[in-house]
């Protein structure tokens, strides 16, 4: 059967493992997270293969991204949909607070000035994207994280996520100090 020493060692190792759970959960919820990107709105940057069911998985940096000063134009972010907080979108940041944006259909105005704490996001695949042209500027408080790199599939490691294939929609960039 079991000896007293082996059961004590098992109990000790189990308690050590359990004590790390809060640390790992805190890191996952507040610092870094791995997320699956679904859909075609970010093609060809993400999920370039439409004929397969393969999707890209990205490493998200979550710490401090709700502050727009920690975001840059052409960053790829995941955020909660402004119309349905249960839905998550992956888009590229095209405009920062105080930028003037040239909009596209279906946005009702030809230009929009981004207010404080709001950003403009668009998908790289314009014809298959529900983005700020549909729902307007989004509050930076909806941002979940910034995509740092592709972690799966391995064949996509090293893909430059800053390389935008979308349009340049800024007519006037804000001068931020």
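Just so it is clear, glycine is given a Cβ too, placed from its N, Cα and C backbone atoms.
For reference, Swiss-Prot has these:
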ACT_SITE  41  active site
ACT_SITE  91  active site
TRANSMEM  134-152  transmembrane segment
Exercise for review: Sort out the residues at least 6 away from either end of the transmembrane segment (134-152), same chain, that have Cβ-Cβ distances under 8 Å to it, and list them.
Suggested key: 33-35, 37, 46, 56-62, 65-68, 70-71, 75-83, 85, 88, 90, 95, 97, 106-107, 112, 114-115, 117-121, 159, 161
Review point. Residue 91 (active site) to residue 41 (active site): how many Å between their Cα atoms?
Key: 8
Study note, to complete from the structure: Using a 10 Å radius on the Cβ of residue 91 (active site), the other Cβ atoms enclosed count 24
Check your understanding: Which residues, sitting 6 or more apart from residue 41 (active site) on the same chain, put a CB under 8 Å from its CB?
Key -> 89, 90, 91, 123, 124, 125, 128, 129, 130, 131
Check your understanding: Three states by DSSP: which one describes residue 91 (active site)?
Key -> strand
